Every structure is written in C-alpha cells, then in structure tokens.
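Listed in TrEMBL:
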- B:57-190: domain 'ABC-2 type transporter transmembrane' (DOMAIN)
- B:21-42: transmembrane segment (TRANSMEM)
- B:62-82: transmembrane segment (TRANSMEM)
- B:103-127: transmembrane segment (TRANSMEM)
- B:139-160: transmembrane segment (TRANSMEM)
- B:172-196: transmembrane segment (TRANSMEM)
- B:349-368: transmembrane segment (TRANSMEM)
Amino acid sequence: MSSDGAGATGGIVVTGVHRAFGDVVAVDDISLVARPGEVTALIGPNGAGKTTLLLMLATLLVPDRGTITIDGFSPVDEPREVRRRIGWMPDGFGTWDALTVREVLHTIGAAYDLPAAEARARTDEVLEQVHLADLADRRARVLSRGQKQRLGMARALLHRPTTLLLDEPASGLDPRSRIELRDLVRGLAAAGTTVLVSSHILTELQEMADRAVIVSRGRTVETQAVDGAAPVSRTWRISALDRARLVAFLADEGLPWRDAGTAVDVELAGDTDAAELLVRLGGSGARVTAYAPLHGEMEAAYLAATEDRQ
Amino acid sequence: MNLRRLWTVARLELVQRRRTSRWPIVLGAWFVVIALVTFASWRAVRGESFASGPSLYDVTTFFVLMLGMLVVPSLTATTVNGDREHGVLATLQTTLVTSWELVLGKLLASWVVSMVFLATALPFLAWAWVAGGLSVGRILLSLLVLVVVLAVVAAVGLMFSTLTARPVASAVLTYLTLAALVFGSLIGFLLTAVLLTDTVTVRVNGVPESYWASEIEPPVTSEPGAEGFVLQPTQADCEEFTRTEQASRTDRIWPLLAVNPFVVVADAAPSRLAETGTFTGGFTPMRWISDGSRDAKAGPGEGGVRDECSFLPEAGSPVGDSATTDAAFEAREKAQDAADRARRDANPVWPWGLAFLGALGLTSVVVAERRVRTPVRRLPSGTRIA
C-alpha cells in the first residue's frame, strides 16, 4: 500500500462509522477525511460522539458499522500497524502517578520497542518540545493539570507517530502553553503529520486547524476548510461615528441589520461580500470605526450547524 | 510475545507498588508474625523425645500459605480495574504491548512480590530443617508446590480484576473463591461423607458368626472350668469370609478434598511416619491432612483382607497368656501400619489437586487475556475502556 504514496491512502479515512453502547447510540454515522500535513478539527457539542470516534481510531473500540483506515491500515484488522503510527492523547489523561516524568516516557518507549538509548534520547527531545524538561525528574503526581496535559502530549509524540489523535489537548493549559501547543501542532503538520484535534475552544482551533469537521448527535454535519476559500455566512459588527448615515446606507444596500447598542450587526454571506461592502461603506460618509466579524469562521459554522440543538 | 515488553509491564507494576505502599512495614510485620508463630510452635514441641522439625515446618508452611492467600489477592485483584479507574490501562493498550504481555506482565509482578514474601519466611523453614526430621527434597517439593499455588491465587485475582468494574468487587470475589476452595470444599466433603453412605462388602479373616452361633449353648454336662465359661476363640477358629457394612464412599468424593490448596501443599510432601529411625510425632497437621485425604481417596472397599485374627492366641496356648497376646497385637499393629502406608503411597491426592489448581490458573489467565484484548467489540456495562 505504501507504494502509491501517502496521498492515496495516507491520513485518516472514516466512512459511515456507527457505534452504539446498548441502546445508546454514541456515533450514528460519521465520515471524515484527515489528510497528512493538515490539522483537522473535530468539533461538536458535548455527547456528539467525538471521544467515541477517537477511541475507535485509537484501536480500542470496534465500530458496529463502517470502515476506518489510518495510513491505509484498519484499526480492527491490523491494530499493531495502526498503533505504530498513531499518537493518542486522551481526554482526562491519567498517568502512573508514582513514576517521574522521565520514567513515564522511558516506559512508553520500551512499550513501543524503542531501544533504551533511543528512548532516552527521544524522551529528552519531546520534553524539550513540550517545555517539561525542567520537571523531568518530578513525580507525575505533583504535576498540575496543564503540565499533565503536556506530559500526555509528550507521550503521544515519543515514538514519532505519523498520525496524532488529540482529544481536548488544550484543556487546563495556560495561555502561553496554548500558544506553544498551537505552534507545536502546526510544526508537526508542516512536517507531514496527520493531526486530528477535538476541542471545544473554537477560537483556538481557528488558528490551528486547516479543516473542520462538525459533528452533532453522532453524525457528520459539515466539513469545511478554515482558509476562507469557502464562503461562510456570519455576522459582522459595524461601528461608525455617524450611525444614522450607516443605517441609511445599509437600508439602501438592501441589507437587513440588527441593533447592537452603538453598533449594528449585519449578516453577510462570505468574506468577499464583506470586503466589497467595506469598500462601498468607505464612500458612504458614515465614517466606520470598527468592522469585524462577530464570530470566528469556525464558530459561525459551528453555531449554524448546531442551531437545531435544544 | 516479547519478553522486554512483558518485563516493562511487570517492572512498571513493581515500581508503582514499591513507591505507593509501605512495603518495608508490611514485610517487617510479616517477618515478625511468622517468627512469633514459629517460635511458639518450637516452644510447644521442644524437649520431647522426637524431632521437632516437622512440627515447625508444618506450622510455618501453612502459615506462609495462609498469609500468602491473604496478601496476593490484594496485589492482583485490583490491578486491571484499578488501572482502568485511573485511566492508564489504555495508555499501554494503544502501544505495541499485546494483551498477553499485559496479563502475564502483571502476573509476573505479583508473583515476584509473593516470592519476596516467601523468601522472608525462608529462615524459619531453615530453622525447621536444622531442628531435624526433614529431608531437603521434601522442603524443596513443598516450596515448589507453594509457589505454584500462590501463582494460581494471583491468576484468579487477576481474572476477577478484568471481570469487574470496581477493585473492591474483584477483591471480594477473589477472597470468596479462595474461601470456597479452602473451607467450602471441606464442608462439602464432610456433609456428603455423611450423606453418601453405601453398603460395602469387605473380606475379613477372623472369627466367623458361625463360631459364636455354635457355642451359644454351653454344654451342660461338663464341669465349669476354672475361668468359667468364657469363650476364647483361637487362631484355629479363623476363616475368611465376607461381611457387608455401611460405609461412607469417600472414594467417590475425595476430589472435594483435592481442590483444597492446603491439602495440595500438605500432601505434596508430608512427613511420613518414619519406618525406622526417629519417631517424628507431635503436632504435624500436614501429615494428618495428607493421611486423611489419602485414606478418603482409598475409600472403604480397598485394603485387601481385613485381619481380625492375628491378635488371637494361637491354638492350644494357655488361656489368658498375655505375653503371647501382646506380641501378637504388636505384630498386627505393625502389619496394619505397613498396610496403611502402602495404601496411602498408592493413593496420592496432590497431583490431582495440583492439576486442578493449574487448570484453574490457566483458565483465569486465558479469561483475563480475552478481557483486556483490544479493540473490543462488546463492552460490558459499567466498564470503561480508557
């Protein structure tokens, strides 16, 4: 399979996956593609089936229906091949509390068949990457939640996986660590790693992800690129010194607007529309002081996709 | 199967145990308790006219077995579901560690710990050996059986920890299983021994009923002798005949005894009544258990012709000659002992018991492996994956 290159079979391909626990359907029908070299965000409300999907990708759970391949290998039929390739960082990362950070990573290295010397070298490398080097000889018990998250990241990276599965990687991280995480993930993607991130923090995914897969109630609702190529309808908030003139201009344009205190909100179909409107606004004499989307693109798409939720 | 990964799992388990528990205190307490028990039994039996080694050895070995059965389940019965609760089992399951390596690694770790406990008890077993009356082969054999039994206990605990979601539940189930093997089997044996009686036919060499029937009417014509009309059959009156009796068919229910770990350890290498040399009497529970279970296995029917004749006076000897009677009695006792020994030697119980425990241990390991195998298809209610 490797002969036809990573483009054809590389990355994560999920097709029509269904999984129920007894009567509870956790994942109803999810399909997605995550390509090598890209960061794919998996977003959706609580209970949408994100964690269950990641468990199936991480070779822990068999789907009832549908197929999954990771770099061309099925987690059900060839779990060992998949395990070699994936780095999984679960949500609510538990760790061997009695071990030091370094020992945790050495153990993981041995579990991945890394020779002892290489495991030690790799441990130092990944500890540097996640900025835990100064805590290397502390017991895992004393780490804060954010530090434990970073240890989880180090653990997922240790065996140089081609595919990263990150479940809520940013929870508990301080702002600096979030930025570092973002840079780390972007760097890995640039080096060709397939990254699938599930998160609730949309603004952050916005900066990190190339593509978003929105799931709700166990189904794929929408897949979209986050590069602005596909038009995303969202609300823009406009403030102007001369509010009356602004409102009059919008009425002339035939755009419905909502009152938002001193500003007004306008629904626009995409970035192109927004740019063109701004040009015309400049000539209207309303003297615009602020012109910005109310939500990030991803947030807007997410809100639109999950609108039907109670 | 890869030994390095297996050892990684075992070492991980051992390091965590060493750091999270107060092992020095536990081991110290274990040492002191065994020391006290051994010393107490030495005080109880010393100074008598027989070697005290077997008593010391029996008490110490049984005590080690008992404490081992209490300690080992606490090591394994919480290992898999405890890891699941802490969310660290999946951490290994998503690596190259296979389900077999995971299960056997954890088993190896608990077995190593039970070996440490056993090693702590070794000085006292050595003391028993120094006290005399024991062969090295016997000590080695019973230690070997003890090691296997503790490994089986560990495997059972491991299985329950994969079957239940909560560590408390698996610990309770493991202790209940051990209680069923130790006490349940004994109670079951005693109850069925009472209930399951049967009419058996035994061959007897002795004074037949007909002898007493013919002599029931004393001849009225003759003068009473000096001793009165005391009937005194002699060996000349003996003949072989069959007699039917009610007897408990322990030969059908002996497996109930064989499954008991204490019986297995006791029967593997008990101190036999020495045929010659020192008399190793005293408090020897292992020998009693061994003899009892082997007799149970032999059952009531076996044992050839029962001798009820040789203690009778020989024909023509003077009535009431106690010297000949005592000699005959002693000879009969000796023959009886020899027959008992032969029968017990022919009916060992421990190979069956050890085979049963071995099968139980293997089944437990196989079940445990199936339960940690990933990816899972069916997830039992209440259990977590990660």
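A Cβ is built for glycine as well, from the same backbone N, Cα and C atoms used for every other residue.
Against the transmembrane segment (B:103-127), stretch B:139-160 shows more Cβ pairs under 8 Å than any other of B:139-160, B:172-196, B:349-368. Most Cβ pairs within less than 8 Å of the transmembrane segment (B:21-42), among stretches B:62-82, B:139-160, B:172-196, B:349-368, belong to B:62-82. In this chain, the transmembrane segment (B:172-196) lies close to the transmembrane segment (B:139-160): three or more C-beta pairs between them fall below 8 angstroms, excluding pairs fewer than 6 positions apart. Residues of the same chain lying 6 or more positions beyond the ends of the transmembrane segment (B:349-368) and with a Cβ under 8 Å from any Cβ of it are 80, 103-104, 107, 145, 148-149, 151-152, 155-156, 158-159, 161-163, 254-255, 257-261, 263-265, 267-268, 290, 293-294, 297. Taken residue by residue, the domain 'ABC-2 type transporter transmembrane' (B:57-190) breaks down under DSSP into 118 helix, 0 strand, 16 coil.
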